[in-house]
Amino acid sequence: MYRVWNFITGYSLLLIGGAIIALIWANIDINSYHHFTEVVIWADAPIGHLHDDGHGHVVRDLTLHYLVNDLLMALFFAIAAKEVWEAVILKNGSLRGKKAATPLVATLGGMVGPISIYLGIAYFLGSTTFDAVANGWAIPTATDIAFSYLVGRLVFGAGHPAVRFLLLLAIADDAAGLLILAIFYPSGELAPAWLLLSFGAALGVYVLANWLPRRLDRGDQLRRRSSWMRQKLSFWPYALAGCASWYGFMQSGLHPALGLLPIVLTIPHADRAFGIFSAAEVHLHDLLNTMEHALKYPVEIILGLFGLMNAGVAFSAMGEATWLVLAGLLIGKPVGIFLFGWLAAKPLGLGLPQGMRMIDLVVIGCVAAIGFTVSLFVASVAFEPGPVQDAAKMGALFSFGAAAVSIIVGKLTQVQKQEI
């Protein structure tokens, strides 16, 4: 297991701090909290959320909430996409080859289970409830990589193979979550022609800043053109392409927080992976890892702001959506991961990592039930601001209870902690 502790701890503390401040503020004065989050930074701006100005004109206003959720969070999703991309394409990537088969099948169960529980219970509560909450079906599918890792390390010990299994599952879950956001939760009327700008920017920067210099360097051991590109222009071509791609996503109606994903795939990367958010990656000097290192602290601050912007929910907001999200996470996740993991390991013959027991899948499922970050994000786009959104967010916040459940289940199943 690689050293990811410092990154995850910094990520977690600021995010939790922002969420706690938001919760306290919202329960003291909910009106001032909403006034703060929706303060307009730039009226009639070229970017921002669309609305009618009351005179028949559709304009965009850049609010503080939009700035954090739709613009700055694009950097967080870019880092998540970077880890997924490397895990899939690099020679020893953790999601490459047969070793990832069982975690990937278990990930599918970790999505099917929560969706089935969420929609199933909502259906039995009646058509009124079902119609009100159905669009939130994706909220309990999320697994928060950082918090799941922290709890998994606490339950299993840093050296236990179940922790690596959990990380593979969480990062595959992140990849699936990005797809769900892009496909099922557009941010407005779809205008897919604008995606030509995004993918055109990605193709252009890949050809001009990545492929062409390497092509011209054939036979040149000093790789002068690639070195000049890296030393003189650095990340700037990709930053400009990222701005164009983000704008294309915003105009297309897809969620703009995903707007940097096409650009991530074009950036020169290392030929090997050290692990998820690994500290060993400081020894890699490819542009993709260099950019991730530079973004580390800004993204920690952004996540703190994200917690502040999204976790401000009054406790009186608890409702049916709260319990549906919790049921999806606390029941659907463990059941789905165990059943699909068993299916992969036994009938399909894919097996489990050496040192893992079948019962460990139940504990992994409990740990993976911590949704928080991505669950909050999905709740904010699945529902319009109001009681249902607030209730769903409360369910995402309460998913921290999965940490206590995981510790208890770990004790009951006699997990033997393995430290490095």
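Cβ coordinates are placed from backbone N, Cα and C, and glycine is handled just like the others.
What Swiss-Prot records for this protein:
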TRANSMEM  4-24  transmembrane segment
TRANSMEM  70-90  transmembrane segment
TRANSMEM  104-124  transmembrane segment
TRANSMEM  132-152  transmembrane segment
TRANSMEM  165-185  transmembrane segment
TRANSMEM  192-212  transmembrane segment
TRANSMEM  233-250  transmembrane segment
TRANSMEM  299-319  transmembrane segment
TRANSMEM  323-343  transmembrane segment
TRANSMEM  361-381  transmembrane segment
TRANSMEM  395-415  transmembrane segment
Hey, does the transmembrane segment (192-212) touch the transmembrane segment (395-415), meaning at least 3 C-beta pairs closer than 8 angstroms, sequence gap 6 or more?
-> no
Any chance the transmembrane segment (70-90) and the transmembrane segment (299-319) have 3 or more Cβ pairs under 8 A, given the pairs are 6 or more apart in sequence?
-> yes
Okay, the transmembrane segment (165-185) and the transmembrane segment (104-124): do they have at least three CB pairs under 8 Å, pairs separated by 6 or more?
-> yes
Beyond a gap of at least 6 residues from its ends, the CB atoms lying under 8 Å from the transmembrane segment (299-319) belong to 10-11, 14-23, 25-27, 30, 33-34, 37, 64-65, 68-69, 72-73, 75-76, 79, 373, 376-377, 380, 387-388, 390-391, 393-394, 397
